[in-house]
Amino acid sequence: MVHHRARIRPLWIVTAAAAVAAALGAASFQATAAATGAPPEPPRGAYVALGDSYTAGPGVPVQRPDTGICARSGANYPALVAQAVQPTEFRDVSCSGAVTGNVTGPMFGVPPQVDALSADTTLVTLGIGGNDAGFAPSVATCVVLSLLDQDGAPCAAHFTGDGVDRLAQAVDDVGPKVGAVLTEVRRRAPRATVLLVGYPSLLPESKADCAVFQPIAAGDVPYLRSLNQRLNQVLADQAAAAGAVFVDTFTSSEGHDGCQAPGVRFVEGVLGAEGAAPVHPNAAGMRDMADQVLAALDAPAR
């Protein structure tokens with residue numbers, strides 16, 4: 001690997017790490033759990049969408065000018081689901097950068113997302129947890145370390161160096177927080193069908209499967225992918241415990257991760273992101289996520 005170091009410019013580290021830390025306001029990691037529970041009938045009442053940037057859609061055209069720091073797209077998956085289901089009322093209060101505490105509490109002047117719920121709410125989608133696991137700073141660390149050792153697994157070594165996988169522990173710690181959010185959602189919207197939406201596939205099984213270069217070390221690609229899957233499993237378990245429906249968006253997005261070419265990928269990469277924030281769903285990814293939500297509702301696809 002020493003021969004690679006001479007080719008690396010310090011600007012790479014600054015640019016890649018800054019891009020990740022600044023634009024990754026939302027979640028990551030994931031697991032291939034299937035939707036839990038029997039598909040309910042598509043509700044026709046009020047639909048409320050809660051979540052982080054994987055729900056809001058920062059950078060996905062067309063951005064809604066009235067959403068401020070939340071950076072919501074008018075073509076995110078909640079908007080597409082609403083177009084298909086035609087609820088009597090639709091409220092998207094998802095916000096880029098949100099953690100579970102911002103669903104039940106305020107966020108930089110933005111009211112708690114659950115304030116949008118009421119006894120009249122009949123459908124709720126929730127996508128949350130990645131920011132609680134510290135995804136953005138962790139990926140930024142992985143990017144920097146990869147530039148020093150592109151063939152090894154420097155990120156995995158960094159986070160497991162003391163014999164404990166700190167990222168895996170952070171993912172596991174998300175579970176009770178999401179469970180508490182689901183409890184509050186149920187309290188405020190007792191009639192609602194609640195769908196907990198998972199995270200799409202961010203990386204392939206191997207760096208050899210990358211069609212375009214991304215600054216993640218070869219040995220760290222499977223490590224980060226396993227955390228992507230682990231988080232989804234945590235979410236699926238919480239959905240099952242709360243009587244909610246878990247929506248698997250990982251399976252349908254495999255082969256469309258951020259390492260794939262434009263026009264193929266559903267998620268943008270760390271570098272070269274177009275039409276979405278880095279390591280976030282693009283317009284095609286939002287369409288796929290909407291399709292999985294509609295399938296879980298047994299509703300007609302868009």
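Just so you know, glycine gets a Cβ as well, placed from its N, Cα and C.
Annotation comment: TrEMBL describes 1-33 as signal peptide.
Annotation comment: TrEMBL describes 49-287 as domain 'SGNH hydrolase-type esterase'.
According to its DSSP assignment, SER53 (active site, nucleophile) is helical. Residues annotated as active site, nucleophile in TrEMBL: SER53.
The feature disulfide bond is assigned by TrEMBL to CYS70-CYS95 (among others). Cβ neighbours within 10 Å of CYS95 (disulfide bond), excluding its own Cβ and spanning all shown chains: 27.
According to TrEMBL, the disulfide bond annotation covers CYS142-CYS155 (among others). Under the three-state DSSP scheme, CYS155 (disulfide bond) falls in the helix class. The 10 Å shell around the Cβ of CYS155 (disulfide bond) contains 25 further Cβ atoms across the protein chains shown.
What TrEMBL lists as disulfide bond is CYS210-CYS259 (among others). Within 10 Å of the C-beta atom of CYS259 (disulfide bond) sit 26 other C-beta atoms, taking all shown protein chains into account.
Under the DSSP three-state reduction, HIS280 (active site) is assigned to coil, being neither helix nor strand. Note on HIS280 (active site): other Cβ atoms within 10 Å of its Cβ, all shown chains, come to 30. For HIS280, the entry in TrEMBL reads active site.
Around CYS142 (disulfide bond), taking its Cβ as the centre, 27 other Cβ atoms fall within 10 Å, counting all chains. Taking every protein chain shown into account, CYS70, CYS210 are the disulfide-bonded residues, and of these the Cβ with the most other Cβ atoms within 10 Å belongs to CYS70.
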